[in-house]
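Worksheet for the structure shown next.
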Amino acid sequence: MEDVFSYFEKPKDPIRFNAIKISIASPDKILSWSYGEVKKPETINYRTFKPERDGLFCAKIFGPVKDYECLCGRYKRMKHRGVVCEKCGVEVIKSKVRRERMGHITLATPVAHIWFLKSLPSRIGNVLDLTLKELERILYFESWIVLDPRNTPLRKKDLLSDEEYNDLREQYGPDGFQAGIGAEAVRKLLEEVDLEGLDVELRDELKTASSDTKRKKVIKRLKVIEALRKSGNRPEWMILTVLPVIPPDLRPLVPLDGGRFATSDLNDLYRRVINRNNRLKRLQELNAPEIIIRNEKRMLQEAVDVLFDNGRRGRAITGTNKRPLKSLSDMLKGKQGRFRQNLLGKRVDYSGRSVITVGPDLRLHQCGLPKKMALELFKPFVYNRLQEKGYVTTVKSAKKMVERETAEVWDALDEVVREYPVMLNRAPTLHRLGLQAFEPVLIEGKAIQLHPLVCTAFNADFDGDQMAVHVPLSIEAQTEARVLMMSTNNILSPANGKPIIIPSQDVVLGIYYLTRSKEDVLGHGMSFSNPEEVRSAFDAGAVELRARIKVRIDDELKETTVGRVILYEIIPEAISFDVINKVMNKKELANLIDYCYRLCGEKTTVILADRLKDMGFKYATHSGMSFAVRNLNIPKNKKDIVVRADRDVLEIQKQYMDGLITDGERYNKVIDLWAQATEKIASEMMGGIETEEQITTEGKKVVESFNPIYMMADSGARGSNAQIRQLAGMRGLMAKPSGEIIETPITANFREGLTVLQYFISTHGARKGLADTALKTANSGYLTRRLVDVAQDCIITQQDCGTVDGISVSALMEGGEIIETAGERVLGRVVLEDIMDPFTGEVLVGANQEIDESLSEKIDRAGIESVRIRSVLTCKAKYGVCARCYGRDLGHGHLVNIGEAVGIIAAQSIGEPGTQLTMRTFHIGGTAKFEEHSTLDSRHDGIVKYVDLNYVVSKIGETVVMSRHGEIHVLDEQLRSRGKYTVPYGAHLKVKDGQSVKRGDRMAEWDPFSIPILAEVDGTVKFGDIIEGKTMQEQVDEVTGLSRKVIVEFKGADLRPRVSLKDATGKTAKVPGTNAAARHLLSVGVNIVVSEGDQVKAGDIIAKIPRETTKTKDITGGLPRVAELFEARKPKDFAVISEIDGVVSYGKDAKGKRKVIVTPEIGDEKEYLIPKGKHVSVQEGDRVIAGEALMSGVNNPHDLLMIKGEKALARYLVDEVQEVYRLQGVKINDKHMEVIVRQMLRRVKVIDPGDTPFMADEQVEKFRFQEENEKAIARGEQPAIGEPVLLGITKASLSTQSFISAASFQETTRVLTEASLAGKVDYLRGLKENVIMGRLIPAGTGLVMYRKLGIKTVADEDAESVEIEGDENSNKKSLDMHAAN
């Protein structure tokens, strides 16, 4: 009996190996895999359906078709296991071997492997130093190659055409020299390659290489040779002599009805190879003419090419239905390939899906599961329970009973389901909260019920959405589902640490209604001694819900309303009444939940959320709120505003006709006008809706209105002011699909209705919106996929890496306003060094301490501007990152656990809001956007302080700013900066240094439509190289007939249009304080305002650079911008930036480009070429610092890395990405971006390899680089020199150490070719490669340190207690993991 199990093979355990290697298969290796040669192209006999002998499905080679049964039927069943039948030669064994046994085809002539030939760069070509064209001519029998020149003047590897070959043969005789053709010749050459010798030779050549191209070529060859040398692969293995045949069950042939067969394309491809191979063998035996044999060899080469990679060379071979056949490569590639279809995503059993509907009476940890569905999902458990209870004895009878659906079955199901977590998932699962665990509640009906508060996390609504249910089977899976995935354990969003379970829509409306107050209603002004009294009075109908009353709470008389006291009943005791004694809108409710979570913990918060939901629904129903047309009040003076705007537009038109303004300015002004009119009507309308007159005992009184539409928008339940504006105000300006704004606005609103033309104009935008949305989803999904791929191996691997490096974080400013204080930005991070109070000098936060909410407030109160914190960017951990550098796990609010997959969380957090970003590139036309940016108002009370501000007083007494980087700071009483405002060049200052300002005071203003060029000194205008008709044109406006002097593009001559100022002596004046001349070079498009010989004073405008008007420069925004940043692409018009500190001067123009020279105080000057027509943003004599832009344009991240280093670059990337998300109102914590940027900066480019094994220009991982250098230094040799490189996320994913991960991402063929050539080893460190290999992932509970936890049982007291003990411990095992830190 004990031997019976040895009959069954144990399933192979995927955990047993810890690395996997890929290399090129040698012919011997292929033969060792094979169980026999496939000689015939036949597959199966069409009459008997039995496989043909020696054919592609031969049972003798590949194993029996039926379990333990030979083909002729002589041996059947287990007792003959392992016998080989004498008659048909089939081994009696399980038929499963047909999935793993391989065969082979012995090729009549060698054939090149297309991957090594055509995958660029050609590997065979690299080894032999032949180009791909030359190789193809040899392999496809067009040219001969000289193998051994002997005594002839030919050189080895010379190519000869047929004619040349024949002539030379005649000349030198048959033994004069040796030449070959086809794959045999190439194989011969590859066999002769001496890798060691070639390696030495190439390294010497590299030292003497003169030109850059030569070096690059040698380096490329050296890489391939090195890879072959180190991996132990032989070059001739790239040419095949034996072809493996994959197991038949992996290329099945299935009979359809009607005698036809459905087959895998591979069978056709193999058939072609076998047919051609057999024909070639026959021709060779018959000694056929060389030309025929050669043609057959070429056809065999092509057949093998198509089998390996169809379409790689020439046209793809198509099958019967004009569809290209799927080759072996296609089986791996793309979304439908093996990697992504079957290994990374599999179908799941024990799952079901159905439509969802709302379950308002569920608790947060519950979901409603239809009985029918539950019965199907839990069937095996129900069978077991019925057997346990003794209703049935066998599974068969249990099955029958369940089919009858008797009462016992439902009882059993109830017991099985009780407290058994199931997982609900809604596609698309954009972040980890798209899959959560709930306890099922059995319900009638066929729809799954979902708790309303988790809808935000799932992004679900009930307009027909479907969700899937999955049952975790093992006890470990159940524990993980309960501990880690239960909806009650996922209150905070992992993206930003704010609660994601917050009331929305109806609930918000109900609670808003409950906490609003109303004048003069029943019970107004009553006083109560405690909340209970209020409740009884309300129940008795003695006081109305919104009445203002006084109540004694915590020995204090509070003014409040009845509704708020009722709300107070459900608030946890720890939270004071003042927190909710206000109108509770959505924001306040989110804050309440956040506050409750921090103060009272998870459990209390869950209870509070549920109570809020119940109360919200109840009072939303009570309020009887409705949406009616009468609620939309159109403002009385709308007509007047529109008429006035029309009049103003005509006025502007007239100015244009008179030539006072240009067409662009006219367009901008009109757009501005209408934007203002729309704004005005909207504010009038909102004013009308927000307030209403109420007749009270004190007479008429204006009070906040109870207009339902206003309440919906004000509470944050649904709708926004912008939408109400379109319903009752005026629709306003519309954009064309190109992004330009149409001058004529829609003056009607939806209540009045649109005319046909107005409707047509608005369809433009609407259609573009729909097209955008469709594109956006695909693009956003692809971005997420790239992010996940680059960050998937970023896991918390240790507690502390012990680094002494970190980054500085200061408050985030935008337009002078502090958007996020330093304290808020470092919340949940670990401090690098002690933070001192700048005034008292006491230590606020000790080094290596995590900053929690209270410390964050402390930092802000102390007015600390910048904090040094630890960051993943500077983490020293070799694999993954350490917990201290990462900081707080935002989803749970404590320091992150070891094993957390922070890379994937980062990728999800950035990718998930991707669909909310806009797709388009913004065109900031002349909309109200500009108008905001032409003035500067103080946002705080305080004292003005000029910083780096140079100014002059112009002749009309205006203070004009002359500096380019000037700032105005507003300081408070302690002289701490409250606001920093950058003042542009040419602005007019309205405040003096040291003056005190109030909030809202105007501090500066400037012309929004052009950038001025100002005179620095008094003097006379002199033009240089401004030649009419060549460099300058008087452009006459067609409409107005007025002229302007405009610099135009000019070809040829070395002309530099400029304006200089001459002093009294006629010399060029000097700029005060410097040695530079008062001279301005003008770029194309500048309008000159002065004429030659004019007298000007300092501060006067000489010329204007118009800001692009109708279509301003496209600001790449939204999703494309995020992708551009993460892909580290060079922007289209990137700015040239200075590499050094120094003084600017202009050099002689070269090749139509401006030459800007930066001269440092010590060292060599640097020259920069700037294309003409681009505006140079520095003047002669300006001081610049390293990293400062010399012209207008976007930064190029690669330059930033080179000049300012990794931290500055990381800061730039993080801030730029954040900017895009902030515009859409999405909050994502900086640390997620930092994780991605860390992955982009993982590699170093070797500049000088020193005595290390690296090659010049090779890119290597930072840690490998450091390791090799340490080794070299230890040996007393020269270490390598390298510089950091920035890789885009796609490049970074493909250059990861794991070839399995890279191959499953993109460019599968290329990755596998490279990996096999180099004999790469994948140590399975990331998540993806482990999923593909079918192992537990090395993160979370799959970490080795958690897997090794044992279970200790207490000494046997009695069997039962031991059982329980073991059970508890196995639960504990997973729980411990949660609290491991």
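Glycine is treated like the rest: Cβ placed from N, Cα and C.
What Swiss-Prot records for this protein:
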type	residues	note
BINDING	Cys70, Cys72, Cys85, Cys88	Zn(2+) 1 binding site
BINDING	Asp461, Asp463, Asp465	Mg(2+) binding site
BINDING	Cys801, Cys875, Cys882, Cys885	Zn(2+) 2 binding site
COMPBIAS	1369-1381	compositional bias 'Basic and acidic residues'
REGION	1362-1381	region 'Disordered'
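What Swiss-Prot annotates, mapped onto the structure for a quick look.
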residue: Cys70; record: Zn(2+) 1 binding site; Cβ within 10 Å: 25
residue: Cys72; record: Zn(2+) 1 binding site; Cβ within 10 Å: 14
residue: Cys85; record: Zn(2+) 1 binding site; Cβ within 10 Å: 20
residue: Cys88; record: Zn(2+) 1 binding site; Cβ within 10 Å: 17
residue: Asp461; record: Mg(2+) binding site; Cβ within 10 Å: 11
residue: Asp465; record: Mg(2+) binding site; Cβ within 10 Å: 17
residue: Cys801; record: Zn(2+) 2 binding site; Cβ within 10 Å: 18
residue: Cys875; record: Zn(2+) 2 binding site; Cβ within 10 Å: 26
residue: Cys882; record: Zn(2+) 2 binding site; Cβ within 10 Å: 22
residue: Cys885; record: Zn(2+) 2 binding site; Cβ within 10 Å: 29
Of all the binding-site residues given, namely Cys72, Cys85, Cys801, Cys875, Cys885, which is spatially nearest to Asp465 (Mg(2+) binding site) at the Cα level? Cys885
Say you check the Cα of Cys801 (Zn(2+) 2 binding site) against those of the binding-site residues Cys70, Cys72, Cys85, Asp461, Asp463; which is nearest? Asp461
Starting from the Cβ centroid of Cys70, Cys72, Cys85, Cys88, which together make up the recorded Zn(2+) 1 site, report each further residue of the same chain whose Cβ lies within 8 Å of that point, ordered by sequence. Ala59, Leu71, Gly73, Arg74, Tyr75, Glu86, Lys87, Gly89, Val90
List the residues in the vicinity of the Zn(2+) 2 site, defined as same-chain residues other than Cys801, Cys875, Cys882, Cys885 with C-beta within 8 angstroms of the site's C-beta centre. Gln798, Asp800, Thr803, Arg870, Val872, Thr874, Lys876, Ala877, Val881, Ala883, Arg884, Tyr886
Give the sequence-ordered set of same-chain residues, not counting Asp461, Asp463, Asp465, with Cβ within 8 Å of the centre of the Cβ atoms defining the Mg(2+) site. Ile356, Ala460, Phe462, Gly464
Rounded to the nearest Å, what's the C-alpha distance separating Asp463 (Mg(2+) binding site) and Cys70 (Zn(2+) 1 binding site)? Just drop the number here, would you? 58
Determine, from DSSP, whether Cys885 (Zn(2+) 2 binding site) sits in helix, strand or coil. helix
Around the Cβ of Asp463 (Mg(2+) binding site), how many other Cβ atoms lie within 10 Å? Please give the count over every shown protein chain. 5
From binding-site residues Asp461, Cys875, Cys882, Cys885, the one whose Cα lies nearest Cys85 (Zn(2+) 1 binding site): Cys882
Would you mind reading off the Cα separation of Cys882 (Zn(2+) 2 binding site) from Cys70 (Zn(2+) 1 binding site), to the nearest angstrom? 59
Binding-site residues Asp461, Cys875, Cys885: which have a Cα within 10 Å of Cys88 (Zn(2+) 1 binding site)? none
How long is the line from the C-alpha of Cys875 (Zn(2+) 2 binding site) to the C-alpha of Cys70 (Zn(2+) 1 binding site), rounded to the nearest angstrom? 62
Quick note, Cys885 (Zn(2+) 2 binding site) and Cys72 (Zn(2+) 1 binding site): C-alpha atoms separated, nearest Å, by 69
